[in-house]
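Chemist: Can you read through this structure? Questions will come right after.
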Amino acid sequence: MAKPVVAIVGRPNVGKSTIFNRIAGDRISIVEDTPGVTRDRIYANSEWLGQQFSLIDTGGIDIDDAPFIKQITEQAEIAIDEADVIIYLVSIKEGVTDADEHVAQILYRSDKPVVLGVNKVDNPELRSEIYDFYSLGFGDPYPLSGSHGLGLGDLLDAVVKNFPEKSGEDEPGTIRFSLIGRPNVGKSSIVNALLGEDRVIVSDVAGTTRDAIDTKFTDEDGDRFVMVDTAGIRKKGKVYENTERYSVMRALKAIDNSDVALFVINGEEGIREQDKRVAGYAHEAGKAIIIVVNKWDLVKKDNHTMQEFEAYIRDQFVYLAYAPIIFVSAKTTQRLEQLPALIKKVNTNHTRRIQSSVLNDVIMDAIAMNSTPSDNGKRLRVYYATQVAIQPPTFVVFVNDPDMMHFSYERFLENQIRNAFDFTGTPIHMIERRRK
Ligand code: GDP
Ligand code: GDP
């Protein structure tokens with residue numbers, strides 16, 4: 001199920017990104033050698049009192065060249081659209097400013113719960129001044145110091161209290177997938193074409209599909225799917241929709257809430273930096289991935305075009321070697337009918353469990369074929385391996401010395417596992433553990 005979303009809003013300089021980083025901590029593990037993963041974060045996952053949620057720093061979504069008041073207006077609207085709970089941040093240093101009043105006016109218009117944080121309360125003497133902020137009309141102000149990490153517990157208690165009741169779980173067997181990719185690659189066209197097909201039955205009540213955040217449907221075999229964030233894919237005509245940081249944030253959120261990510265590329269334009277960011281995130285998050293090359297109707301083709309485009313993608317996304325590539329056209333619907341089956345296939349692989357005995361036969365054969373690395377007369381010993389998780393399939397390998405498992409040897413073992421079992425479309429995680 002979708003996680004609750006918390007957005008931080010407020011005028012510039014009140015400390016939004018400082019508070020964001022305090023709450024998010026280091027939770028997003030960023031693998032050093034994954035290209036294209038952004039470091040200046042506006043979106044992260046966090047947890048408080050065992051409750052997971054996503055966190056958005058709206059201050060990081062700037063609308064190019066827009067005047068100050070327009071920026072904070074748009075940011076507040078993003079928070080209202082995206083969040084279940086809004087943290088409205090002000091600063092004790094300046095007191096209540098005109099810009100604070102302006103943001104408050106926008107937030108009044110929504111019925112989203114707002115928790116008011118007063119930042120830069122660095123020492124106890126300042127605490128008496130927080131009463132001024134009752135005038136904003138959002139109830140008790142929570143004193144914070146982003147610099148010193150103070151007050152966050154009480155603030156988060158209030159945030160978590162306002163989370164919506166859990167809505168129903170998906171029916172068993174439902175596959176959640178998302179379409180991710182830059183604006184204009186054709187995501188909404190694919191959605192419309194897919195849902196418009198006779199063999200697909202959309203289970204939402206007629207007329208509400210457009211507004212639904214997620215869209216449920218069954219394919220011709222009766223298998224159930226949830227298309228995550230359909231509302232975000234279909235445009236509402238807001239100014240911020242085409243800004244890069246907004247669409248990246250939206251994609252990251254959709255990825256978090258799905259099992260399978262359809263990474264849509266514009267076949268006519270090729271790959272851009274922004275494509276790499278979202279694909280890198282999906283990979284790191286361990287999601288099953290399908291690369292969908294759209295607008296294939298616009299590409300001048302000869303006998304080699306598809307192969308050449310595939311080679312180009314493989315070169316640009318070395319770490320996505322496991323992801324199948326499908327060439328489609330939302331316009332002519334070419335090959336779109338193959339998508340549900342492909343989603344099911346990668347989902348099966350993403351949830352595949354391998355029996356330990358079979359797995360160890362493969363590992364031992366691999367070691368016999370290509371002996372383990374050695375260093376200074378000491379050799380890596382692999383005792384046994386076992387699968388500890390699915391989504392993505394995660395294997396623990398027990399060894400004498402984890403430091404001796406070089407990247408290249410781990411990659412070799414992964415490839416042997418992939419040769420023996422079908423893990424198309426899913427990353428595999430390998431963890432080495434010391435066993436004496
Ligand atoms: P944003 O524009 O709202 O995201 O604000 P930033 O997080 O970038 O912070 C703006 C400035 O306020 C930076 O110089 C921060 O170091 C400073 N700042 C943030 N939190 C605190 C705090 O709790 N106390 C003090 N004194 N300064 C803070
Ligand atoms: P999104 O922003 O990723 O949702 O992209 P849209 O679905 O809005 O498509 C952007 C533009 O590309 C629209 O003008 C579509 O009509 C066009 N488009 C989408 N898919 C195709 C396709 O397969 N072939 C062609 N020729 N045009 C397409």
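Here the Cβ of each residue, glycine as well, is placed from N, Cα and C on the backbone.
TrEMBL annotations: computationally assigned, not manually curated.
According to TrEMBL, the domain 'EngA-type G' annotation covers 4-167, 175-351. Annotated GTP 1 binding site per TrEMBL: 10-17, 57-61, 119-122, in sequence order. TrEMBL lists 181-188, 229-233, 294-297 with the feature GTP 2 binding site.
I'm curious about the neighbourhood of these features; can you describe it?
Modeler: The secondary structure of THR58 (GTP 1 binding site), as reduced to three states from DSSP, is helical.
In the three-state DSSP scheme, ILE233 (GTP 2 binding site) is classed as helix.
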Chemist: Within the set ASN13, LYS16, THR58, VAL121, ASN184, THR230, which binding-site residues show a CB-to-ligand 1 distance under 6 A?
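Modeler: Cβ under 6 Å from ligand 1: ASN13, LYS16.
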Chemist: Going along the chain, which residues six or more apart from GLY181 (GTP 2 binding site) have their CB under 8 A from its CB?
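Modeler: Within the chain, GLY181 (GTP 2 binding site) has Cβ neighbours under 8 Å at LYS187, ALA251, PHE263, VAL264, ILE265, ASN266, ASP275, VAL278.
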Chemist: Please identify, among the binding-site residues ASN13, THR58, ILE61, VAL121, the one with the smallest Cα-Cα distance to TRP296 (GTP 2 binding site).
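Modeler: Smallest Cα separation from TRP296 (GTP 2 binding site) among ASN13, THR58, ILE61, VAL121: ILE61.
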Chemist: Which of ASN13, THR58, ASN184, THR230 (the binding-site residues) has the most other Cβ atoms within 10 Å?
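Modeler: Compared across ASN13, THR58, ASN184, THR230, the most Cβ atoms within 10 Å surround THR58.
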Chemist: Of GLY10, LYS16, THR58, ILE61, the binding-site residues listed, which put a C-beta under 6 Å from ligand 2? Please answer none if none do.
Modeler: none
Chemist: What is the average pLDDT across the domain 'EngA-type G' (175-351)?
Modeler: 89
